[in-house]
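As structure tokens, the structure follows; a few thoughts come after it.
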Amino acid sequence: MSHQGKKSIPHITSDRLLIRGGRIINDDQSFYADVYLEDGLIKQIGENLIVPGGVKTIEANGRMVIPGGIDVNTYLQKPSQGMTSADDFFQGTRAALAGGTTMIIDHVVPEPGSSLLTSFEKWHEAADTKSCCDYSLHVDITSWYDGVREELEVLVQDKGVNSFQVYMAYKDLYQMSDSQLYEAFTFLKGLGAVILVHAENGDLIAQEQKRILEMGITGPEGHALSRPEELEAEAVFRAIAIAGRINCPVYITKVMSKSAADIIALARKKGPLVFGEPIAASLGTDGTHYWSKNWAKAAAFVTSPPLSPDPTTPDYLTSLLACGDLQVTGSGHCPYSTAQKAVGKDNFTLIPEGVNGIEERMTVVWDKAVATGKMDENQFVAVTSTNAAKIFNLYPRKGRIAVGSDADVVIWDPDKMKTLTAKSHKSTVEYNIFEGMECHGSPLVVISQGKIVFEDGNISVSKGMGRFIPRKPFPEHLYQRVRIRSKVFGLHSVSRGMYDGPVYEVPATPKHAAPAPSAKSSPSKHQPPPIRNLHQSNFSLSGAQIDDNNPRRTGHRIVAPPGGRSNITSLG
């Protein structure tokens with residue numbers, strides 16, 4: 001349970017807590033027991049526990065005791081067009097804790113061509129000084145350049161990073177070609193990394209954006225129109241196909257449409273190691289808001305891939321999440337203020353992309369999935385915490401209520417009603433894409449590193465109390481299957497005798513130079529070949545002929561042609 005970090009926090013490790021009378025919910029079992037926490041770890045689980053004196057006791061009164069949520073898709077302090085997203089690491093992680101999430105994995109987004117290592121250190125320093133909860137970092141590969149392989153090796157071997165995101169969209173900025181994706185997947189598999197993919201067809205999006213702007217459509221609806229779900233689905237299919245040829249796991253971030261989700265579900269049935277992550281937004285709302293008459297409201301929903309304009313999509317994605325076709329829920333939390341969004345008031349392609357969700361994620365999942373009977377409480381723990389911990393090699397330190405695991409614990413009230421609104425959320429932005437939603441399920445108490453940070457609606461945190469959690473490569477949940485498949489389904493040549501028969505000699509093909517344009521024709525116009533006049537002939541009876549010296553026979557009168565006479569008027 002050791003970890004690397006820059007600082008120690010004595011006031012956290014001195015806390016001793018006893019949670020009494022709760023019902024422990026893990027991804028695979030539920031049971032009644034007490035839980036004793038000390039030194040930031042779960043020390044005992046059971047009934048009639050013997051604990052030291054002076055321990056603070058929390059009465060759960062039969063309520064659920066679950067592992068703290070893990071949000072693996074956040075963009076705090078993300079740069080965009082000279083701006084940064086509205087919530088920094090303090091504001092964002094504070095909101096996360098208020099919603100029951102006790103760990104995040106944030107995205108490092110380097111400027112294209114800049115050093116991955118330098119960018120990682122920049123993000124690490126910002127998070128280390130501000131984060132209120134434990135955190136880790138993905139590193140996004142925004143360009144495939146000379147020296148990137150060496151930096152990736154250092155990040156995996158020395159910096160505790162085991163996940164990297166590549167982009168199939170954002171043409172001329174982050175987008176990789178298929179051959180670059182193949183190279184990146186192959187190299188990252190060798191490092192034992194988790195490959196995250198932002199899946200959209202960037203080439204076609206660029207064409208659609210141009211076409212729609214030329215039509216005079218400049219508002220947020222243009223964002224959805226230029227990124228139809230077919231372009232998300234096509235890229236998902238292509239990413240899975242590339243990963244399948246290499247036998248490497250692939251994780252599709254921000255699954256937003258039915259089509260994309262269907263492709264993931266079908267692929268998993270056929271065998272590829274693919275994982276899908278819908279976000280709170282795609283589970284809790286839809287893209288009809290892009291057509292709102294209120295520009296600021298419409299712009300608040302702009303994110304990529306866009307929310308589906310089909311209002312039945314959230315329910316559909318929730319069903320696939322419940323049956324295991326999708327495995328993890330993130331938030332994609334990257335909100336910008338209305339003033340920042342207004343940079344694109346005359347051009348939808350300039351609206352900075354991102355929505356809120358870091359605080360609302362767990363409540364939205366409970367309300368849409370568990371309160372409707374689509375999934376049970378164990379599945380809820382799996383898709384909000386445990387599956388992420390297993391995929392990103394945090395398990396069982398995170399994602400489980402077990403002796404020895406980190407004391408990141410939430411007492412959850414499934415019956416508590418909560419209204420999602422910008423008036424009370426912890427994010428700094430003035431809007432909330434879930435505005436007015438009445439939801440079942442909410443945290444009563446949130447414990448991070450063994451310390452109570454949220455209770456009775458009040459949050460008590462300080463900057464920098466979160467720790468960086470390093471992650472080792474080759475997570476068993478993924479790579480155990482990769483190793484077995486390599487042995488069972490590896491490519492092998494056919495053993496056969498040497499061919500000793502004739503071999504056709506292929507003549508060397510001369511290189512033909514392009515003909516120079518003649519003076520009579522324009523070089524820009526292709527001259528068609530001359531057309532033969534079928535009524536003309538070079539045969540002539542005048543003058544000397546080649547057979548003039550041959551002896552000629554005397555003429556004979558032909559009585560009838562071969563086959564006898566014919567009469568074209570007779571059919572008999």
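Quick reminder: no glycine exception, Cβ is built from N, Cα and C everywhere.
Looking up SER8, SER80, SER424 in Swiss-Prot shows the phosphoserine annotation sitting on SER8. For TYR504 (phosphotyrosine) paired with TYR316 (3'-nitrotyrosine), the C-alpha to C-alpha distance reads 59 Å. On a Cα basis, TYR316 (3'-nitrotyrosine) lies 58 Å away from THR509 (phosphothreonine).
Fewest Cβ neighbours within 10 Å among the modified residues THR101, THR102, THR509: this applies to THR509. When Cβ atoms from all protein chains are considered, those within 10 Å of TYR504 (phosphotyrosine) total 5, not counting its own.
Within 10 Å of the C-beta of TYR316 (3'-nitrotyrosine) there are 17 other C-beta atoms, taking all protein chains into account.
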